[in-house]
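*Asks:* Annotations for this protein, taken from TrEMBL, read as follows:
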{"type": "BINDING", "residues": "His91, His130", "note": "Fe cation binding site"}
{"type": "BINDING", "residues": "Cys97, Cys100, Cys138, Cys141", "note": "Zn(2+) binding site"}
Amino acid sequence: MTHKIKNSNHFLNSKLADCRQTKTRRGVLLVLKNSQPLAAPEILDILKENNIVVNKTTVYRELDFLLNKKVIAEVILKDGLKRYELQVPEHGHHLICLQCQKIERVALDNDLDKQEKAITRSRGFKVLNHSLEFYGLCRHCVKK
């Protein structure tokens with residue numbers, strides 16, 4: 001499958017305003033902007049498909065840099081594979097198609113925030129993060 005990268009001038013996060021915009025950094029960000037959560041090897045493949053030649057080690061370093069800057073987020077689903085997606089202001093969860101493996105981000109209402117606060121109050125447990133995935137069939141696969 002071929003992935004075409006679409007460029008966008010309004011894309012770079014303000015968290016990167018004081019950072020150098022290297023070819024690899026721009027490429028990684030553009031790939032993540034235009035896709036579902038991806039593993040590092042998938043990011044490398046898409047960069048190559050779009051004639052952006054980068055070193056594998058450099059891509060991993062960029063992913064670490066962008067994680068530390070909180071520009072991207074790490075997504076680890078039940079298969080244990082680390083994937084990356086752009087960080088967005090609202091906390092998101094994922095819909096995962098078991099047939100075509102498509103991963104789609106979905107925002108839920110604030111009930112989970114209320115649950116986190118209730119857990120903290122009742123159990124004294126400080127929730128730092130949570131992950132929620134829904135597994136099933138996407139619209140396209142249901143129609144097949």
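From the backbone N, Cα and C atoms, a Cβ is placed for every residue, glycine too.
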*Asks:* Can you tell me the CA-to-CA distance separating Cys100 (Zn(2+) binding site) and His130 (Fe cation binding site), as a whole number of Å?
*Replies:* 25
*Asks:* Cα-Cα separation of Cys141 (Zn(2+) binding site) and His130 (Fe cation binding site), in Å?
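*Replies:* That comes out at 28 Å between the alpha carbons.
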*Asks:* What are the sequence-distant neighbours of His130 (Fe cation binding site), meaning same chain, six or more residues apart, C-beta distance under 8 angstroms?
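*Replies:* His130 (Fe cation binding site) has long-range Cβ partners Leu112, Glu116.
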*Asks:* Quiz question: given the binding-site residues Cys138, Cys141, which has the greatest number of C-beta atoms lying within 10 angstroms of its own C-beta?
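*Replies:* Of Cys138, Cys141, the one with the most crowded Cβ is Cys138.
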*Asks:* Which chain neighbours of the Zn(2+) site, leaving out Cys97, Cys100, Cys138, Cys141, have a Cβ atom within 8 Å of the mean position of the site's Cβ atoms?
*Replies:* Leu98, Gln99, Gln101, Lys102, Leu137, Arg139, His140, Val142
*Asks:* Sequence gap of 6 or more, Cβ distance under 8 Å: name the residues on the same chain that satisfy this around Cys97 (Zn(2+) binding site), in order along the sequence.
*Replies:* Ile103, Glu104, Gly136, Leu137, Cys138, His140, Cys141
*Asks:* So if I draw a 10 Å sphere around the Cβ of Cys100 (Zn(2+) binding site), how many other Cβ atoms end up inside it?
*Replies:* 12
*Asks:* Which state, by DSSP, holds His130 (Fe cation binding site): helix, strand or coil?
*Replies:* coil
